[in-house]
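Structure first, then comments.
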Amino acid sequence: MEQTYQYAWIIPFLPLPVPMLIGLGLLLFPTATKSLRRMWAFQSVLLLSIVMIFSMNLSIQQINSSSVYQYVWSWIINNDFSLEFGYLIDPLTSIMSILITTVGIMVLIYSDNYMSHDHGYLRFFAYMSFFSTSMLGLVTSSNLIQIYIFWELVGMCSYLLIGFWFTRPVAAKACQKAFVTNRVGDFGLLLGILGFYWITGSFEFRDLFQIFNNLISNNEVNFLFVTLCAVLLFAGAIAKSAQFPLHVWLPDAMEGPTPISALIHAATMVAAGIFLVARLMPLFIVIPHIMNLISLIGIITVFFGATLALAQKDIKRGLAYSTMSQLGYMMLALGMGSYRSALFHLITHAYSKALLFLGSGSVIHSMETLVGYCPKKSQNMVLMGGLTKHVPITKNSFLLGTLSLCGIPPLACFWSKDEILNDSWLYSPIFAIIAWSTAGLTAFYMCRIYLLTFEGHLNVHFQNYSGKRNTPLYSISLWGKAGSKISNKNLNFRLVTLLKKKKNGRPSFFSNKVYKMDENVRNMIQPFLSIPNFDNTKTYLYPYESDNTMLFPILILILFTLFVGFLGIPFNQDVDILSKWLTPSINLLHQNSNNSIDWYEFCEDAVFSVSIASFGIYIAFFLYKPVYSSFQNLDLINSFVKMGPKRIFSDKIKNAIYDWSYNRGYIDAFYGTFFTAGVRKLAKFTHFFDRRIIDGIPNGVGFMSFFVAEVIKSVGGGRISSYLFFYFSYVSIFLFIYYFLNL
């Protein structure tokens with residue numbers, strides 16, 4: 001066992017050769033590297049699979065022995081400062097490692113087909129492998145300095161993948177938004193790290209926790225300063241895990257490819273913030289005010305994310321706000337001190353959300369054959385519906401993921417979310433009411449997404465179904481670059497037909513006008529496509545199921561969604577695998593903790609939570625099931641008959657909720673009005689002050705010196721007669737003034 005732990009340092013570095021070799025290959029042998037591009041995908045999956053097997057071996061040993069292993073190398077040593085690098089293998093590390101590798105492998109396999117059309121295929125796999133390396137390095141770090149280094153690398157990889165299609169302005173802006181928002185949190189994290197080093201004199205977790213606890217017990221610290229440093233550390237987690245109010249980057253991050261959305265939302269970037277709080281829990285738990293703040297931010301995010309998801313029309317944005325809300329549940333659990341419940345929900349949510357995102361990617365992939373490669377169309381649930389008979393495997397997998405997130409037993413998220421909901425009653429009745437109510441909202445909006453996507457009729461064929469014409473549609477090239485409008489005459493092959501007149505004169509979603517692609521782009525993608533002849537025009541009237549390469553990871557994630565929840569079911573102490581796994585960490589936080597459970601109380605709470613979820617599902621079916629719904633704008637309430645004043649009142653409520661969700665709770669508008677505009681005004685004032693005041697004073701002095709010098713120069717001409725004239729003139733003026741003053 002000791003030998004296995006000694007080689008654990010290699011875990012973060014195993015996926016690293018792939019991006020390095022891809023970079024060298026593209027630099028030195030570009031043609032050969034591109035021709036063998038499938039080989040790089042295989043190597044990425046193979047190396048990450050080795051890490052997964054290694055992580056599973058470590059986890060099994062930890063479950064059996066409840067051990068924690070740390071090894072460090074001294075990097076800098078002197079009398080005043082020492083810096084060590086190493087790795088820490090504990091239950092939190094092993095859980096995160098398995099989560100990262102299993103989800104990462106599924107996403108890599110899925111991406112091989114999903115990204116096959118993209119000329120950035122190799123770049124994508126290089127980024128993904130480096131992303132895995134960064135996240136694995138983060139979870140194995142033994143001190144705050146390593147945490148910060150890999151924290152920044154995780155952020156960098158996220159920015160690269162969010163802006164993967166950087167030629168699209170909206171993707172570039174989303175990347176910038178994620179970068180700027182996370183800079184706020186990262187700066188706070190850095191200040192917090194420096195603050196706690198100033199207090200304790202150590203970056204190592206074990207030494208830091210021990211020294212800090214001794215200082216707290218002896219009352220040798222300034223609690224105000226300690227709380228400030230803890231808040232700064234927590235700010236990093238707020239930004240990275242998209243917690244209120246630094247959540248604004250998360251929905252815009254959907255501009256990246258769908259596979260990376262699955263990885264970010266399941267096991268990497270947003271999970272990093274939860275991991276950081278869990279890692280620093282022994283530090284936070286002795287500071288009551290910071291624990292209250294963590295739970296407060298968590299419950300606000302829970303409710304806020306759920307309300308923003310109510311009326312989203314973009315399938316990926318709806319899932320993004322769902323992630324935000326579920327991360328709020330995890331943060332709430334950590335703030336309440338429910339360490340086990342938070343990590344349990346992190347595990348179950350990761351597999352369920354990965355399943356949902358890969359399922360949405362399959363839907364988007366099938367819709368692109370109808371509406372073109374345009375995210376605003378292929379991700380728009382307004383144009384979906386009726387996909388059940390066209391993509392049955394995707395539909396069933398998405399349904400399972402939806403029911404899991406709704407909290408329906410025996411699926412994964414039911415067990416973990418139910419623990420958090422039960423613990424919330426013990427912490428705060430107000431928080432409990434909000435958390436339980438949001439569980440109903442979660443069931444509502446997730447069922448809404450499912451119904452709009454798969455039930456009813458394929459709305460892409462009924463463009464004027466609601467009585468309103470859609471805005472003009474535009475083409476997006478395969479690489480995400482904005483294409484030309486329909487009127488562009490320089491296009492040269494048919495991609496999809498739109499707005500075609502039927503025989504009865506009614507407009508449908510198809511037309512005789514065509515989209516075409518530039519010749520150079522066609523030449524780039526031809527070798528990578530499975531279509532034998534790209535010149536042959538083939539228009540699909542209906543979506544079709546994805547290839548087996550994309551379906552295989554979805555089917556594996558279905559198994560995880562069905563069975564991973566049984567890891568944490570507390571039947572008894574011997575069967576509760578998760579509690580045995582987390583024994584060292586739980587004992588560190590709660591000495592002599594008792595994991596026994598009252599099954600009668602558990603079943604009573606479970607019936608209540610399932611009833612709330614079922615009520616949310618029923619409301620969604622009532623409003624969005626095709627037999628009732630008129631699909632008028634696909635808003636929240638769209639099926640009530642006219643009822644006079646009551647209908648007017650319900651319309652006001654509907655419009656208010658829709659505006660709240662569509663405008664993202666007005667947080668983005670608030671930031672744009674006050675922060676962005678304020679920074680610009682401050683910049684203009686600073687520019688004016690710098691140019692007119694700071695530069696104006698020395699420039700004015702220089703100008704006056706020049707003017708005086710010119711006057712003196714004109715006076716001093718070198719003629720004695722001039723000197724005598726000025727001399728007698730000044731004497732005369734002086735005598736004249738003196739005479740009049742003495743009168």
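Every residue gets a Cβ built from N, Cα and C, even glycine.
The shown structure was predicted, so the numbers you read here are calculated from the model rather than taken from an experiment.
Pulled from Swiss-Prot:
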- 40-60: transmembrane segment (TRANSMEM)
- 125-145: transmembrane segment (TRANSMEM)
- 185-205: transmembrane segment (TRANSMEM)
- 219-239: transmembrane segment (TRANSMEM)
- 258-278: transmembrane segment (TRANSMEM)
- 284-304: transmembrane segment (TRANSMEM)
- 354-374: transmembrane segment (TRANSMEM)
- 396-416: transmembrane segment (TRANSMEM)
- 425-445: transmembrane segment (TRANSMEM)
- 551-571: transmembrane segment (TRANSMEM)
- 607-627: transmembrane segment (TRANSMEM)
- 723-743: transmembrane segment (TRANSMEM)
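For the transmembrane segment (185-205), same-chain residues at least 6 beyond its ends with a Cβ under 8 Å from one of its own Cβ atoms are 72, 83-84, 88, 142-145, 147-148, 151-152, 155, 211-212, 215, 221, 225-226, 228-240, 246, 276, 279, 283.
Here the listed stretches are 258-278, 284-304, 551-571, and the one with the most C-beta pairs under 8 angstroms to the transmembrane segment (219-239) is 284-304. By the Cβ criterion (distance under 8 Å, sequence gap of 6 or more), the transmembrane segment (425-445) is counted as touching the transmembrane segment (284-304), at least 3 such pairs being found. Each of 40-60, 125-145, 284-304, 551-571, 607-627 was scored by its Cβ pairs under 8 Å to the transmembrane segment (258-278), and the highest score goes to 125-145. Most Cβ pairs under 8 Å to the transmembrane segment (607-627), among the stretches 40-60, 354-374, 396-416, 551-571, belong to 396-416.
The list of residues near the transmembrane segment (551-571) in space but at least 6 beyond its ends in sequence, with Cβ under 8 angstroms from a Cβ of it, reads 102, 105-107, 109-110, 340, 344, 347-348, 351-352, 354-355, 358-359, 362, 393-394, 397, 400-401, 404, 410-416, 419, 545, 577-579, 581, 595-597.
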